[in-house]
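Asker: Features from TrEMBL:
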type	residues	note
DOMAIN	B:11-215	domain 'Acetyl-CoA hydrolase/transferase N-terminal'
ACT_SITE	B:289	active site, 5-glutamyl coenzyme A thioester intermediate
DOMAIN	B:323-464	domain 'Acetyl-CoA hydrolase/transferase C-terminal'
BINDING	B:379, B:383, B:403	CoA binding site
């Protein structure tokens, strides 16, 4: 604990313990908490809340930026604290509770949560709990490794608890750009026109009268990223994409520095971006949600000149390098509220190339990002819809098969649709790339089956498509069969029937 | 024919016949043509093209604003002229050809077609054919009753044919506001911040060197709107919506003039808006695609003070009133390019209330706007996605049953998804209104089944939902049954099995 970090002296007497802070959270409250993809979440207070719930049970609606680290969602679920949770999560225990209908999960476009609060179509938080590096003399909260929705939570909540994380360097001050869109109906344009631009303040504007407690956390760090290393398949996906971009440049459809890149969280998108290290592209920029290891590898390799995000989720090794040399990186990246990192107005204006991971897609290019077999929530749509709908190019990547081949990621009909045919330009698996731009559904199916499908599923998909076309329609389907692959998997562990498996082309 | 309408004298010698103009269209060309929802399409030249194709066959890719009047899509289809068609249509003959796979139809968000041309991800037109009121001395084409994509077609095409419709009053000059977003990556904000605002020019900038012909049409009018009168069900839908808006105002979530209204084309949306005539709301404004009869009825009733659209599609009666008194209406509406009327940046900034018609929706609120039984194209997504994704409120309306009750508009799983759970706020049928804001899927299902479903289908949907919940999942489904209602209808003409029909609650 160091009072130096509270430069607004009038707040010095607000320092309390995490346990005391947790007492401000009451049963039935809506809580807005910092944290985005395991970065910058409040840590000590929610842990104290978990402890307190054991003797003094309570249920809250918890709204964050996105997913939390430090197993917080797990512990909050096990302690029975979560009645409702939004807008995103990645925790296995919470996922089970969601899928059993025990926690009501509201899966949202990540740019929309605070817009809905601003409009009062979503309840505003009773209390905001946000992690900070410091509080400045002019009442600004300096966030840590993510901005998420914290700025709006602090604006809309009645009470504010600030958790100062002294393990995070004070050099973070100056790395953020906090801008909140004006209220409608008198809103003007969001003035950002290039990724490096600053349009806001270096911290979150705080009304000191709202502060009910300041808690010091001197020990708990962000959980490191758990992305896995690239493998042969993700390398193949990266190679297909790089060849595609090279051709776009050759055809004059993209400049040599491409367009601002967005990449979804996760191992595949991280591997794809890392693959750019050995490309011919130069002066790349990123306008994305999460800055991952790949961002800093591209910066270090001299391939990327600037990155804008709303959080940074790094492996331990990459974190050591970046956080240990913040002065070196300080003019190369910026962290913004997720509403701004994902704002549709800006995604379209900047002409972003969005690269996101699909759980599965169908032969017509409808993408399922969220629901295993159409019913079980995986993580949430996250920002993929914010980007895909408005991007210059909406690209989805996935490996062509999962579970050792028992699942094909390309199916006759997606069992849940997060991104439909209207919004999906390019699909890539390790097998190849389907360029769907300007194609009608029957043409899309041909491109997808020929380029993206694993050989062991190609015959079965061709068979489905041909029989569906014989029946007719703009988007031909056999309704009694369209979801049978998912049902087969649920019932006997493989998407194809034994007969279909026999007639499959060998891998 | 009156050369007064060509005020740029250097173009006087470009006047040719429609037949001569049609000769400029060559086999394999991409043609960009004016026309949006039966308004402002070029008429004489495409009819000459149909005639010419009988002796001199050709195939073209035809891109318009939206649907065409004067049976042009029918005649072009019958003449075998259409290889590819985008981004929207409503013609029965063309629809059949699309569903038989004879015409490749690319169903697009209506704000995106020319953005894709600008980025060279969609082929630019070889030739543009646009209807006009006049050509000014400073090389502006003054459009007629729609702007559609014409401004960009004229910019991107190599050759331009202008069809001057002398049946349209020259008073149309001054009713348009033509603005084209800047090219990326150096695009700035689109500066519009209120619906009445002018941000462009009164006509389409023309390079006179591109003009290969000017054709006069002195006889052919726009086809009148074919919306039907409100009936009991559409009146009930309007009443539910008005009660909802009244409550939003009472709760302080909307001001008394609501927010800029958008309404999709068609009888239901038209009836809903007409219902506002007898509401307590005042000073309404519209920021929409199509200005329909309801727009002018609300203006005449003193309820609406301004309307912005990209086309006007009126019944004969309403057309007589409006076109016969343009001076009276001239400061009350404006026509813009469809890219601007539907631009996501503006839809979000203005906080639009979008009211669009669903073909069907499912118990979780996924909306199908386009595909009958998931396979057969009806019209196209149109602008519904441009609005729903970015709107302050995304509202979808439909009657709860169709075909005398053989079809339920609410199904276990939508057989095609154009708008998913993330983008749908409010659903309304004549039965009632489901407010889905802030709800998790299982809660959405309860709200939808209880409020929107026709009684004769309620038991069957409750049964499905309960059995699906017993199986589990965030969005519970029974995969072998999810699409069975559509399959039942295809196979025996009713969505329920005979056993289900027996146990149905009486209507």
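Glycine residues also receive a Cβ, built from the backbone N, Cα and C atoms like all the rest.
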Asker: Which whole number is the mean pLDDT over the domain 'Acetyl-CoA hydrolase/transferase N-terminal' (B:11-215)?
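Answerer: Mean pLDDT, the domain 'Acetyl-CoA hydrolase/transferase N-terminal' (B:11-215): 97.
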Asker: Would you mind reading off the Cα separation of residue B:383 (CoA binding site) from the residue listed as 'active site, 5-glutamyl coenzyme A thioester intermediate', to the nearest angstrom?
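Answerer: Counting only the Cα atoms, the answer is 7 Å.
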Asker: According to DSSP, which of helix, strand or coil covers residue B:383 (CoA binding site)?
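Answerer: Looking at the DSSP assignment, residue B:383 (CoA binding site) belongs to neither helix nor strand, so coil.
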Asker: Count the other Cβ atoms sitting within 10 Å of the Cβ of residue B:379 (CoA binding site), across every protein chain shown.
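Answerer: For residue B:379 (CoA binding site), the 10 Å Cβ neighbour count is 19.
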Asker: In Å, how long is the longest CA to CA span across B:379, B:383, B:403, which the record gives as the CoA binders?
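Answerer: In whole numbers, the farthest two Cα atoms are 26 Å apart.
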Asker: Where does residue B:289 (active site, 5-glutamyl coenzyme A thioester intermediate) sit in the DSSP three-state scheme?
Answerer: coil
Asker: Could you say which of the recorded positions B:289, B:383 has its Cβ with the most other Cβ atoms inside 10 Å?
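Answerer: When each Cβ's neighbours within 10 Å are tallied, B:289 tops the list.
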Asker: Can you give me the Cα-Cα distance between residue B:379 (CoA binding site) and the residue listed as 'active site, 5-glutamyl coenzyme A thioester intermediate' in Å, rounded to a whole number?
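Answerer: About 16 Å separates the two Cα atoms.
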Asker: If you draw a 10 Å sphere on the Cβ of residue B:403 (CoA binding site), how many other Cβ atoms land inside?
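Answerer: I get 11 for this one.
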